[in-house]
Amino acid sequence: MASRISTMKLLSLVLSSFVIVQIALAGDPDILSDFLAPNQNNVDGSFFTYTGMRVLVNQSTFPANFTILKASMVEFPALNGQSVSYAVLQYPASSLNPPHTHPRAAELLFLVDGSLEVGFVDTTNKLFTQSLQAGDMFIFPKGLVHYQYNADPNNPAIAISSFGSANAGTVSLPKTLFATNIDDTILAKSFKTDVSTIQALKAGLA
């Protein structure tokens, strides 16, 4: 009987530890201070200010290609430990933000201007799509493959995305698969095609 109780306690402890680990992995780790800075005794308001988006205010022409302006902890160190980051996405007419994932955060997109075709694929390979108009919001769940496409041949679109991590990370599927020196044979077998097709895809991304 005592042995059975000990086994139950051990099982309960293992399960509790698993839950704690999952909670700890749910987002950025909590910090034990108000903020993180190289020298917290020599910080003023400028440390908490990011001016990298001013180019949007003074922008006279729209970018020719899809463009992302990021405010993550890489560009804005004050975000480190704050579990938040930001991006402004500019889509010229007929442009695409190719399929990609953010391994460390969900993405909440707000369409400021124009229209977008968006979608993501869940872990059962079900595709969810939506046509967005200015003023709409769309959530891309954490870690799932998703994309945005401006199907309008004449007008650009602008969106703002927020992330529940100071460094959400981006894994671009085309670049990850075809621009990282994965062996051509492995890719050809994975996509049930031939090596020459894989090499053509890699050349297009070079």
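Every residue, even glycine, has its Cβ placed from backbone N, Cα and C.
Copied from TrEMBL, the annotated features are:
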BINDING   N97, H102, E107  oxalate binding site
BINDING   H100, H102, E107, H146  Mn(2+) binding site
DOMAIN    66-199  domain 'Cupin type-1'
SIGNAL    1-26  signal peptide
Between H100 (Mn(2+) binding site) and E107 (oxalate binding site), the C-alpha gap once rounded to whole angstrom: 12
Whole-number Å value for how far H146 (Mn(2+) binding site) lies from E107 (oxalate binding site) (Cα to Cα): 10
The domain 'Cupin type-1' (66-199), counted residue by residue under DSSP: helix, strand, coil: 21 helix, 57 strand, 56 coil
Alpha-carbon distance [H146 (Mn(2+) binding site); N97 (oxalate binding site)] in Å: 9
Separation of alpha carbons, H102 (oxalate binding site) and H146 (Mn(2+) binding site) (Å): 9
Neighbours of N97, H102, E107 excl. site residues, C-beta within 8 Å of centre, oxalate: A87, H100, T101, L109, F140, H146, Q148, S161, F163, A168, T170
